[in-house]
Amino acid sequence: MSENVDIKYIFVAGYLVVYDHQESAGREYELTREQSKSALPVLPGTIPINIDHESSCVVGTVLTILDLPRGLFCLGVVSTALAPIFLSYVQDDALFANAEEGMVLTETEKFLYLLSNILPSLSLSSRRLEKNEVPGKDFFAHVALCELGRREGTVAIYGATASEAIGAFDDLSAPIKEQLYEIATREKCAEVPRELSRPEITRVLMKKFIHGAFLMDRGTCLKTRREMAAVYNPKYLQANEVITIGIKEHSEETPENAIKDRSVSTQTAPSFDISESQQPSGQTHVPAMESATCSGQFLQTKNGASPSASREDMVYVPFEKYASLLAASARRDNDRRPVSPSREFSRRSRDSTHECSPGRDIWPRGFERHPRLESFMGPGMNHTYRPALYEDPNFCGRFPYIPYQSPASTYPVHPNYYSSNFGQFPGAGTYPIQYPSLHEQTVVSRLDALISALEKNNKRDSEYSENNPRKRSARTISENDPYFPGEMVPAKKITTEQQLCEKKEPVGSGINDILQGILTLQKEVAGLKSASNADSSSERKEELENSNQESARETVDASMPKRLKDAQTKLKRKKEAAAFAQMMAD
């Protein structure tokens, strides 16, 4: 298979740094424009390209790195010696092309598909700078092909030619593209590895696949970074809307499946599509890419058009838009009101006197049947009448309008009888009646059913009988029982009212205590007033002498400091009380 890859290397292009989107990478990976300019220019072939920053797995080299307004742009080449290693792990019938649709893929294109989706990002490795250090020409270490780099906007675009890789970036100006084309043409003799170690490549790829299994939002990240890099029409990267390849689903080889395989195109629906269970067994899809894209959008063919665009009767709409259109259509149907019939229909209704057979006795859904007079201007009392419209073989059963219905009556209501005795019969549009929509009637009926069920349930609970255990609705649970077996019931907090109720003290005892306290307070105030004229210094001396005498008589232990402190506290309180009494007396 490697002999069919008729080129020596593949071009790869992409941004290594997007200056305006470096917040998520962290300060350690932040690279300013001044630092990039200090490390430029780079000589072709001096910076290697490897896989997942593995120095032992070099697969290409960098041709040039340019400082552009959006960020640091890289152009390099990758050896096609990777092609036989990649394609050896793909079954022969997995990659296919529909010749009838004009999709013929070469081995180079198949390799580009695999490379674009297995290693879709670029990652720059640079030397760690000291504080206030200016980068030199050895600042850039290598460029890695990886799953997702730390820096945002670093999407790798591969191509068999330089124009195919560079042309995917819409923000590049014409002079910049011409400069890159010139470098690619001049440096196309850059040395790339002609032979690669299969065990080393296999080890690195296995390591990458294991790490990539934990990237749940890989497709979303790729699409976001693709927009940051101004890549809107990639050719091979399948985390997008335009693809040119499908991976065939394994099924039994039967003539029916073979026909389906030839007729069904490469489009696929998202994983949440409501029509997923109705897909044919032989439908081609991209299961390996569905988990990566997670985009919920339909895939298209190589030229960007629909697979069945030649029929000009198919329009591809995103699933979210299709669901919103269905919801809006349902709301419009529910909000419609009956319209008045035309005069021709009223005339045909009045002139028709035939009787419908029981099998054709239909009635619009959602409307209540009248008990006596069922239709407008029937030929007689309690007569089942249907207008001539219902005898039309093309009639599909939808009631065109709601006729005027008079209340129940015992008089015949034939139009001739009514006009000869009471004048002209009123037309169908004379008395417009506002009928509720089907949606409103459904909601009202559901509410009525719910209320009836609740009332029935309450009635059943009120009629509960201990003698009939089958009517027992629920087990009686005490407040002290645990909810789960083995669960400890927490002790309930007892309120003040419950404490008073438990003590059962008479109310009079509390009032007596309050009165006793008031009398005691009055006595203390009177004593303080009489003692306010005494000398505070002599009083203090007496207290100190008494305390010294008491302390001398007692033994020295740990309680003596406490007693001295209590005496000082009492003296302080007396002084405050005396001052308060003096203030009240003044």
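Glycine is treated like the rest: Cβ placed from N, Cα and C.
Under DSSP, H53 (active site, charge relay system) is assigned to coil, being neither helix nor strand in the three-state scheme. As annotated by Swiss-Prot, active site, charge relay system applies to H53 (among others), with the evidence given as sequence analysis.
Here Swiss-Prot flags S123 (among others) as active site, charge relay system, drawing on sequence analysis. Contacts of S123 (active site, charge relay system) defined by a Cβ separation under 8 A and a same-chain sequence distance of 6+ are given as L16, H53, V143, A144, L145, C146, G149, R150, R151, T154, in order along the sequence.
H142 (active site, charge relay system): 18 other CB atoms within 10 A of its CB, across all protein chains. Summarising the annotation, Swiss-Prot assigns active site, charge relay system to H142 (among others).
The region 'Disordered' annotation in Swiss-Prot covers 251-288 (among others).
Taken from Swiss-Prot, the feature compositional bias 'Basic and acidic residues' applies to 251-263.
Feature annotation from Swiss-Prot assigns compositional bias 'Polar residues' to 264-284.
Averaged across the region 'Interaction with pAP' (312-331), the predicted model reaches a pLDDT of 69. According to Swiss-Prot, the feature region 'Interaction with pAP' maps to 312-331.
Annotation source Swiss-Prot lists region 'Disordered' at 330-364 (among others).
Sequence annotations record features per position, and here Swiss-Prot assigns region 'Disordered' to 458-486 (among others).
Positions annotated as region 'Disordered' by Swiss-Prot: 530-586 (among others).
Residue counts of the region 'Interaction with major capsid protein' (566-586) by helix, strand and coil are 20 helix, 0 strand, 1 coil (DSSP-based). The annotation region 'Interaction with major capsid protein' is assigned in Swiss-Prot to 566-586 (among others).
Residues or ranges marked as region 'Interaction with major capsid protein' in Swiss-Prot: 567-586 (among others).
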